[in-house]
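Below is one structure, written out as C-alpha cells; the observations come after it.
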Amino acid sequence: MTSQPLRVGIGGPVGSGKTALTLALCRELRERYNLAVVTNDIYTQEDAQFLVRNEALAPERIIGVETGGCPHTAIREDASINLEAVDQLNRRFPGLELILVESGGDNLSATFSPELSDLTLYVIDVSAGDKIPRKGGPGICKSDLLVINKIDLAPLVGASLEVMDEDARRMRGDKPFVFSNQKTGQGLAEIIAFIERQGLLTAA
C-alpha cells in the first residue's frame with residue numbers, strides 16, 4: 001500500500017502571516033521532502049500566486065483553491081474542494097510526503113476537518129493585541145501548534161509577550177506554542193521540528 005502524505009493545515013485570521021510561514025516552510029523543506037501546497041482564497045488565487053512569484057516551489061506543485069463565500073466551510077464542513085486538490089497533487093506527484101494546506105483568512109472559530117488535515121498550525125499575530133490568546137476558540141485552544149507571529153511588532157502596538165505567553169499556557173494546557181518572526185526566521189526551526197516530530201517525517 002502506498003503511504004499517504006502528511007497533510008499540515010495552516011490556519012489563522014487574515015494578515016496573521018500564514019502565507020509568509022508557508023513560503024518559509026517551503027524554502028526550508030523542499031530539498032528534504034517531496035512537497036506540495038494547497039492555498040485557499042475566497043475569490044482569487046492571490047496566495048498561490050504569491051508563492052509562485054516567490055518561487056516557493058515549482059508552480060505545478062501549488063494549487064490555489066477559490067472557496068467563495070465563507071473560507072471556514074471549505075476546510076471544515078465541506079472540505080471536498082480541498083480534498084480534490086490534495087488528490088490531484090497525489091496523482092501528479094507519486095510519493096508525495098508532505099502537503100501544506102493554507103486556509104483562507106478566518107476568525108478564531110475556524111478549524112480543519114480531520115479528513116483534510118493530520119496536523120494543524122494556527123497562526124495569530126501580535127499586532128492584533130496581547131488579548132488574542134485569552135479569547136480562546138478552537139484554533140487557539142485545540143490546534144496542534146499555536147504560532148504567535150510578528151513578535152517584532154510588540155513594542156509598536158503596546159503588546160506584552162509575557163502576557164501572551166501566560167494566556168497561551170492557560171488556554172492550551174500542555175499543547176505547545178511558539179513565538180515567531182518570519183522576517184528574521186525566529187521560531188521557524190521549532191515549527192519545522194514540531195512538524196517532523198509529530199508527523200513522523202524522515203528526511204531523505
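Note that Cβ sites are derived from N, Cα and C of the backbone, with glycine treated the same way.
The following features are taken from Swiss-Prot:
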BINDING   Gly12, Pro13, Val14, Gly15, Ser16, Gly17, Lys18, Thr19  GTP binding site
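Annotation for Thr19 (GTP binding site): spatial neighbours Thr39, Asp47, Phe50, Leu51, Glu102, criterion Cβ-Cβ under 8 Å with sequence separation of six or more. The sparsest Cβ neighbourhood within 10 Å, among the listed binding-site residues (Gly12, Pro13, Gly15, Gly17), is found at Gly15. Apart from Gly12, Pro13, Val14, Gly15, Ser16, Gly17, Lys18, Thr19, the GTP site neighbourhood in this chain, defined by C-beta within 8 angstroms of the site C-beta centre, holds Gly105, Val123, Asp125, Asn149. The number of other CB atoms found within 10 A of the CB of Lys18 (GTP binding site), across every protein chain shown, is 27. Cβ neighbour count for Ser16 (GTP binding site): 25 (other Cβ atoms within 10 Å of its Cβ, all protein chains included).
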